[in-house]
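Worksheet: the structure to be examined is printed underneath.
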Amino acid sequence: MTMTSNPVTINGVTLTGHHVPRQNSVLTPDALGFLAALHREFEPRRRELLAAREERRKAIARGTDPTFLPETRRIREDDSWRVPPPPPGLEDRRVEITGPTERKMTINALNSGAKVWLADMEDANTPHWTNVVTNQLNLIDALEGTIEFTNPDGKKYALKNRDARANPTIVVRPRGWHFEERHLSVRDEPIAGAIVDFGLYFFHNARRLKKLGLGPYFYLPKTESHQEARLWHDIFSRAESMLGTDRGTIRATVLIETITAAFEMEEILHELGEHAAGLNAGRWDYIFSIIKNFRTRGPRFILPDRNAVTMTQPFMRAYTEQLVRACHRRGAMAIGGMAAFIPSRRDEEVNRTAIEKVQADKTREAEDGFDGSWVAHPDLVPVCREVFDAALGDRPNQLDRLREDVVPDDKALIDIASAEGRITEVGIRNNVEVGIRYIEAWLRGNGAVGIHNLMEDAATAEISRSQIWQWVNTRAITDEGEEITRDWVQELLEEEFARIERAEGDRFDDARAIFEEVALGDDYPAFLTTPAYERFLAEPEDPHAPEEAGTSASSRA
């Protein structure tokens, strides 16, 4: 079957996306039927849980602070339960590299020497229809050991080792529950992006991974409650049953990157049950979630400039220490947060200073009891590995460090007023520039973007626009004594936009329109990517699709 933008319905799924080379290897009738079955069974619960999110957010906005849940106290106080031991390939996670599943990035990640690769279909990926399909193709080729890529200038990229067992273990991050894939629908209902990304990877690779002695492993983003973890558990169990794989074959690490999830960490592990592998401290989305939930609550919840919100802030320390305690108490891995620095080949002084900060950050995590941590660039893999090698010695992890000295404290998690730092004009300008530059790259198909030697993704762009919205709507004051108004920020935006160098075919005008909508509009969209997707990427023809990843002559089928 050769698909076009004309709607085609196969096994209950209607496709409206434009044709992508090799898509028939992914969008098979059986795979589409698998997605349709999962959608029909679980879509009503997804919608119910999204509605529950909104109600909880409204309650917080009205002044109800989140707390540990009294109705789940028995789970927290029951010392008897544990998650299963780490599965093959995830016993040692001391250094994990994150990045999109674009073809060249896939090869670089698998050649990096990390223990784990977070194959990111979420915040580091633009959900162009082309990317949605080629993401899956690239992962299949990676597991088969056949992936290669040739740049337009002729430079070739290939795996150093074609045996997947010798490369970093792949852990796939699908899109969050809020995102819908507009190019795939069942009875005119879009299928959740999470179902599409999870379902296609699991369907095509579960048996392949079993032959390798590994399993289908996932990172679960944007989780806001233990009920959402239960939904994932039930989807995993149903998928295993449908394909005839052993129960518990699927293992998942949940990113604790929302403020509400931080109050339910043990409950989330409990609900995942035999599918639980660990938790991760998703620091950037966590900061975004705090701003989003408390954005109208006034001075008590106003954060300083983005660059001042480091892991040494008291409320961030409370979050990470309680995460390690929750994980190790239940036998689950605790994985640290992202080192977003991108090494520079032009400025050794910038490198030296940044690597010192990365070493300090990873040392703090290792000393706190984390079993490993994230980096965004291959050159930082040795830095992170050296720190955790020193902490772990010949042990694969430090699950034996129970952190019984940490006392769960729900008040400490939202002690935002203790944050040190200032709001500055420089910080406002940086938020504006980063937000616009990131959205422009995202619209062109690049979800992970280097800006000022930092790897920016959707989460960091969310912080940038959310801080602007909060500062304007609470009439925050800069350290220079300037009240932050919409008119003033608009003036700064005009100045920053004028400094951007333009090129033929760029998307900066579109990016500016989106940024102004999500940062300066009266309403606050829950995610900036939602209006950007609806306005520019959801059309069947996908006119601004990126160049097709993985379609060099050597990789075409």
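Cβ coordinates come from backbone N, Cα and C, glycine included.
Curation does not apply to TrEMBL; its annotations are automatic.
Checking TrEMBL for region 'Disordered' across the ranges 52-73, 74-95, 536-557 points to 536-557. Here the domain 'Malate synthase C-terminal' (423-535) has, by DSSP, the following mix of helix, strand and coil residues: 69 helix, 9 strand, 35 coil. You'll find the Cα of R173 (active site, proton acceptor) roughly 14 Å from the Cα of D457 (active site, proton donor).
Secondary structure of the domain 'Malate synthase N-terminal' (12-72), assigned with DSSP and counted as helix (H, G, I), strand (E, B) and coil, comes to 39 helix, 3 strand, 19 coil. For R173 (active site, proton acceptor), the count of additional Cβ atoms within 10 Å of its Cβ stands at 26 [all protein chains shown]. Along the domain 'Malate synthase N-terminal' (12-72), the predicted structure has mean pLDDT 97.
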